[in-house]
Amino acid sequence: MQLERLQKKLSYQFTNLDYLLQALTHRSAGAKNNERLEFLGDSILNFAIGKALFEKFPKANEGELSRMRATLVREQTLAILARQFGLGEYMRLGAGELKSGGYRRESILSDCVEAIIAAIYLDAGMDKAIEQVHLWYQDLLAEMKPGDAQKDPKTRLQEFLQGRKLPLPTYEVLDIKGEAHNQTFKVTCKIEMLEEIFIGIGTSRRKAEQNAAEQVLAKLTTK
């Protein structure tokens, strides 16, 4: 059975498979979808990773812990886990999402991972859900170190400019496309010391700004 293979990849056997099926169901495929599970799973994931970092780095300050957690729970990291599990093969998507390659989209994959975390919590309780998160993240957690590398691009760009007593960057939304639940933002980032205007794209304004800031940093550090 297909779900048996997935459960082996997840290293977890569900008592109630209905929880897993719901976690794999995108809103485009039906009314009983994974949106509520995603909401719950996001909270459990943040707590589980926060707990792991708190215990692993007793000398790290709040800012360092927050930045490391942000790196570990961001969409791109969750999508990497989803691909390791091969979630795209098992997800239930509506015809439109299937046609547009939704099973490859990072936002859909990451939401599914969060929904599965909530499904495990409902199936076996909080301790088991946290245990699974720690198991899935053990390699990533082993690589984490407090420090500047965990700061997001906007923070690093701001600190780069402040350290040189230069004006801060300005961000402006250039374009928003798509429906409310599936939007693409295009944002510009300008700094005084460069004539070029950098354009970032993302599924939220914040992500688009981070993308633009990353481009500016790349330009500044290769000058």
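Here the Cβ of each residue, glycine as well, is placed from N, Cα and C on the backbone.
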Candidates E38, E55, E172, E179, the one Swiss-Prot lists with D111, E114 as binding Mg(2+): E38
C-alpha spacing of D42 (active site) relative to D111 (Mg(2+) binding site), in angstrom: 8
Cα separation, E114 (active site) to D42 (active site) (Å, whole number): 5
Per-residue pLDDT averaged over the domain 'RNase III' (3-125), given as an integer: 91
Mg(2+) site shell beyond E38, D111, E114, criterion: Cβ within 8 Å of Cβ centroid: N34, E35, L37, F39, G41, D42, S110, C112, V113, A115, A118
Between E38 (Mg(2+) binding site) and E114 (active site), the C-alpha gap once rounded to whole angstrom: 5
